[in-house]
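Participant: According to TrEMBL:
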- GLY97, GLU98, SER99, GLY100, SER101, GLY102, LYS103, THR104: ATP binding site (BINDING)
- 763-775: compositional bias 'Basic and acidic residues' (COMPBIAS)
- 785-807: compositional bias 'Low complexity' (COMPBIAS)
- 3-690: domain 'Myosin motor' (DOMAIN)
- 859-950: domain 'SH2' (DOMAIN)
- 573-595: region 'Actin-binding' (REGION)
- 752-807: region 'Disordered' (REGION)
Amino acid sequence: MVDKNDDLAKLSLLTEDILLEHLKERYERDLIYTYLGDILVAVNPFNETSLYTSQIRDFYRYSTDIHKPPHVYALVDLVYRNVCHGIYERQCCVISGESGSGKTESTKFFLKQLMYLCGGSSQLEQQILQATPLLESFGNAQTVMNNNSSRFGKYLALNFINGKVIGAQISDYLLEKSRVVIQSPGEKNFHIFYYLFDYLPFEIKQMLCLRTKYDYKYLLTNSSLDIQNNGSVNSLDEVINAMGLLNFTDKEQHSMFRILSGILTIGNLEFSIDDEGFTRQNFDEEKVKNNLAIIANMFGVNSKLIMECLTTMTTLTRNESVIRKYSLQSSQDARDALSKHLYARLFSWIIGKINETLNNPYPIQQYHHIVEIGLLDIYGFEHFELNSFEQLCINLANEQIQYFFNQHVFRMEMTEYESEGIMAETLTFTDNQSFLELFMAKPLGILSLLDDESRLPKATDQTFVEKLNYHFGSNKHECYSIKRNNKYSFTIHHYAGKVSYCALGFLEKNRDTLSDSVVDMFKHSQDDLIRLLFHGNPSDGTINSNKGLQHRTAAEKDARNRLTVGAQYRNSLQILMDRMCASHPVFMRCLKPNQKKQAHLFDDTFVRAQLRYCGMLETTRIRKEGYSVRLSFDEFIQKYGLLSKTHSSDLSSIKCRHILEETNLTEWQLGKTKVFLKYYHPEYLEKLMKKYRQAALLIQRRFRGYIARKQFKKLKTTSKTYKNEVNHFCVNIEDINSRLIQTLTRLNDKLPGKTAPVINQEDDLRPRPPVRESSLHPSSHTGNTGTSGKCSSPTTKTSSTTTTPTNTLTANQLMVDYDSLLSYLTLKYGSPGERESCLRWFRDTQYPYVCQKGTFPSWFHGNITRHRAEELLAKQSIGCFLIRLSESRFGFSLSFRAEDRCRHYMINQLKNLKYNVIGEAKVHKSLDELIEYYRTHELSNWDGHLTEPCKADWSQYDHESLMPIQNSVKSQAHQHHIKSIPARPHKVTN
């Protein structure tokens, strides 16, 4: 039942106290979602709730009821309906709030429901969903404010056509790579490091030279391991499975783990100084030597080179190279810089690899009505005891989002009211434009001054603060104040409150330099992935490609253009804002009920502060009294013209007025060029339009049926005509042939030609393997009743020549996802709907994986039809299964007996040569492994498990067509065929 206070914008009286009271009362009743007009407010419950069950997902699916309770699923449904109806070409969902308010979880629920509305059964949809746990493991960490805090910004752009997702692209913003080497008190490193120790098998840990997590200094900063463990967000199995589905090869995954192990080990390197105060270049301690050996092994480089890179710097001049020794602090900084850069480049490569898989493979020009939904998941506002350069950039991003919210909700709205002559109450709001000018202005903004200082060789963090105090202190700027008791600190007045920043390390973090010797060392690494990361193209996504580099990471662009981190971040934020401004936004505000991360605790003072700095009261007022929906006259008539029966005028404004009056809408206004509607009006109009759309579908269905029947009759008549003509032609041929034979007989000549002798199967030299038992557990197999539990083995001679997988992997290694490869496969093998095309594809690409040691598994039934599979399974027990070649695509089909009928699921082979049931998230190294997995796990839309295989009776199948034909075999068979045809004598007659 709908609560009367679901939408607080409908309250007759609304003050800050009333707003807070209603939110608290709803939170205590576990109603965490509330509407403020068309803006959704979510209060973090800090516990598991029953708000996301399958029943609730279906309740909000394709909803046309405008009175359903507020929910993130309702917001998704609104956005998706806009996609299906083509209302907006671009939309973006902005989920904002401070750190720990639930933005990341809300983003995941939004994305899951969006894929569910798309059907949720394609491989691309599963790949989009599986990108989340992978990026969370490498980009999220536990902080004092949030157990799963995003330490990077992410904008996910999804492309749709006709309601189906066709591609996606991820843009990332400023990974907090300093977390790799040091964490603030009460915080942890990135999740992935702890997964290695918590989930990896002992044997793999030995291969990676991993000890325990208590042995690595990068995991022990500020006693971070003593923090209460709030449970893993994901498991390593989920992360590895996600990498498999996203086309990461086993080789790439192994290299990733080696890099992580090397990063942890390099953090344990300890340095000592010589008599001159410089770092020693020869490490005599056994512990240091062992660590160097492990690092060299993990990174594929020479241990002496590592030592040289961390203790000296080599400067090349025209005539000589100058070697400068490092101090102890410089060596420690070089060690940490190497770790940070390596992890950041690895993360950038992961983003590029994901984008390669998710990107739409077809030219965008092929689609006429492509639409985009953007989803922003970015770090929330942060205020710690010690705030550094990362917090400054994070809070700047939140200021930009708040500015975008203000521009869209307040400033642009009021400006348009004035230009269109709309009567509306003037609203006041907190504008943070002056703050953005403080940071972004040139040449006297904070980021510009930071760049200037970063270029000066003698500049320090203290001189940077002194410059800030000179330009902005002493009340020269309202958003800046001097912190007089600390020469390295300054205070910024954010929209969310005052934050003091410690400038120690600002210049070095902004420069973000890495010595040329380190880069050169990694460019010559024996590890393919590391070599790629330092050849300037980690976002390419492959490690074996020899193609020219087409894309560069943000870090490489910075090095080329001498951009600092601050300059790069400023440009990235501007691109993000431009992209969002070109879209129609929907907003979701997340609130944090308390600072203790405790369920069922609502801190009035803490929540009130969030409501104030977010401008929620002003937002509610403008959503209540304003007009959030604005359509031009022509757009309004095009969308809703059918709702009016009056056609007395050619003026657009009069037509719009007739539509509005005849639909009995109230509280609308007509401007000079646009119709201004309340936020709830479009849903009401869409509900009225529903009957017209249904009528249109009915008319189209009937008309298409009429056209099809008419065309069928025409084709039937044409077919009869052609049949008669062909029969007449055949009769004439028979008559001519009969007369010709009579003539030749009279001339006493031989008949022209002889039929080719039939080749005995025993003389056929093509290999025909016997059926082998599956590599699954034999104890669980039972025989097929049709074959008395035995698989017949063809008695033929087998060739000693075998086909090895290496001969057939070339095409597979070049493959991208199935959809993007369809044109390539079609050109090479023919139409996927033709039997011979699928057989050619199987022989060339799949035979080595299915037929092992010259035998087929008992569950493989070759290229039988779907109907034949259902016949075989009809009398079998529930869960009995078989695998066959697909009839309509280049792939396999899993057919099994369910309670009500036979079910069929498609199986695809990914680029990394692993198998996946389309629509499922799990990937498998082989078909045997796939079957074994679903013996104990459920498939989608079925709550049972696979049991025993329906064994193939190969005496009934054409097994020869599945087997590769060797050139030598074909040549021998051809020669045998020629020898068996006797020469026909010719007799010349006069």
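From the backbone N, Cα and C atoms, a Cβ is placed for every residue, glycine too.
Unlike curated entries, TrEMBL annotations are predicted automatically.
Computed from a predicted structure; not experimentally measured.
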Participant: Just jot down the residues in the same chain as GLY100 (ATP binding site), at least 6 apart in sequence, with C-beta under 8 A of its C-beta; none if empty.
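Facilitator: In sequence order, ASN44, THR143, MET145, ASN146, SER149, GLY380, LYS592, LYS597 meet the Cβ cut-off.
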Participant: Rank the binding-site residues SER99, SER101, THR104 by the number of other Cβ atoms within 10 Å of each Cβ, and give the residue at the low end.
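Facilitator: Minimum Cβ neighbour count within 10 Å, taken over the binding-site residues SER99, SER101, THR104, occurs at SER99.
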Participant: Given the recorded ATP site (GLY97, GLU98, SER99, GLY100, SER101, GLY102, LYS103, THR104), which additional residues of the same chain have their Cβ within 8 Å of the Cβ centre, ordered by sequence?
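Facilitator: Here the nearby residues are ASN44, ASN146, GLY380, CYS590, LYS592.
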Participant: Run through the domain 'SH2' (859-950) and tell me, per DSSP, how many residues are helix, strand and coil.
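Facilitator: Taking the domain 'SH2' (859-950) as a whole: 15 helix, 26 strand, 51 coil.
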Participant: Same chain only, sequence gap of 6 or more: which residues have a CB within under 8 Å of the CB of GLY102 (ATP binding site)?
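Facilitator: Residues satisfying the criterion: ALA42, ASN44, CYS590, LYS592.
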Participant: Can you count helix, strand and coil residues in the region 'Actin-binding' (573-595) using DSSP?
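Facilitator: Result for the region 'Actin-binding' (573-595), in helix, strand, coil order: 9 helix, 8 strand, 6 coil.
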Participant: At a 10 Å cut-off from the C-beta of LYS103 (ATP binding site), count the other C-beta atoms across all protein chains.
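Facilitator: Cβ-Cβ neighbours of LYS103 (ATP binding site) within 10 Å number 26.
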Participant: Can you tell me the mean pLDDT for the domain 'Myosin motor' (3-690)?
Facilitator: 84
